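Novice: Can you keep this structure in mind? I'll have questions shortly.
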Amino acid sequence: MKVLWAALLVTFLAGCQAKVEQPVEPETEPELRQQAEWQSGQPWELALGRFWDYLRWVQTLSEQVQEELLSPQVTQELTTLMDETMKELKAYKSELEEQLSPVAEETRARLSKELQAAQARLGADMEDVRSRLVQYRSELQAMLGQSTEELRARLASHLRKLRKRLLRDADDLQKRLAVYQAGAREGAERGVSAIRERLGPLVEQGRVRAATVGSLASQPLQERAQALGERLRARMEEMGSRTRDRLDEVKEQVAEVRAKLEEQAQQISLQAEAFQARLKSWFEPLVEDMQRQWAGLVEKVQAAVGASTAPVPSDNH
């Protein structure tokens, strides 16, 4: 009887162990192909590949993963990988936007909007992975000492779904970036064509000038010297004519200034004479009045002096 119970117990434990340690599902062919493309693609794809590898390691739910999930280390590393991926993606998007400048504004706005939406979906997928692991860590800490088999199975199922969604959105983002890059390449080619069209007439003008210079170089030296002398003579005559015209203008300006000064001097002289006349008209009556008063005063003084010097009659006569 004891032997039978021991056999049953061993069988039960073996079954539990086999059930708990479930083998990780092998990656599907699209996942392997996508990961291979990330390993040899743009910097943002390489960063996403590192996030993908780390998520695959977490999905194994090994003992080391279980221990690190009890601490914030896994979520911190996932956050770092997320930030690195989004940073590289924004840098690549900015680079493509610079190359897309020759494209029509409407097309550029539409492509940018679609790419931004795909970028947001990818960021949301990575954020969901991190949030799910944070939730699992909280639940795992609350169940210390208890069976976590059901919790692990639920996490494994969620991680599989999140990986599939992440793969789908990453593939969609790659396709939209390819369209964006094709538009940038087309815009660059249009820009080159426009530059070529603008430079064409300039090149033709340069060719004509070179031909003209070549024909001038083929002329005899005496003819070229004579033509140069005529041009210099015409230039000197033109400068002399301009100088004479300028001198005439200066003379006219000086004459105008002199006439204005003489006119102003005459006006000042007339104003001074008028002012002098007004002063004279003001003070002449006053002077005449003072003279009359002075003459009257002198007469009164003389009369008073004459009266005081007259002889007094004597009483003896």
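Glycine is treated like the rest: Cβ placed from N, Cα and C.
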Novice: What range among 15-25, 37-47, 59-69, 158-168 does Swiss-Prot record as region 'LDL and other lipoprotein receptors binding'?
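Specialist: Within the set 15-25, 37-47, 59-69, 158-168, Swiss-Prot attaches region 'LDL and other lipoprotein receptors binding' to 158-168.
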Novice: Which is it, of LYS164, ARG235: the one of these binding-site residues whose Cβ has the most other Cβ atoms within 10 Å?
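Specialist: Top count of Cβ atoms within 10 Å goes to LYS164.
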Novice: Return only the integer: C-alpha distance in Å from ARG233 (heparin binding site) to SER147 (phosphoserine).
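Specialist: Each residue's Cα considered, ARG233 (heparin binding site) and SER147 (phosphoserine) end up 111 Å apart.
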Novice: Helix, strand or coil for LYS164 (heparin binding site)? Use DSSP.
Specialist: helix
Novice: In the predicted model, what is the mean pLDDT computed over the repeat '3' (124-145)?
Specialist: 85
Novice: Using the alpha carbons only, what distance in Å do you get between LYS164 (heparin binding site) and SER147 (phosphoserine) once rounded?
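Specialist: With distance taken Cα to Cα, SER147 (phosphoserine) is 28 Å from LYS164 (heparin binding site).
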Novice: Between SER147 (phosphoserine) and ARG231 (heparin binding site), what is the CA-CA distance rounded to a whole number of Å?
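Specialist: Checking the Cα atoms of SER147 (phosphoserine) and ARG231 (heparin binding site) gives a distance of 107 Å.
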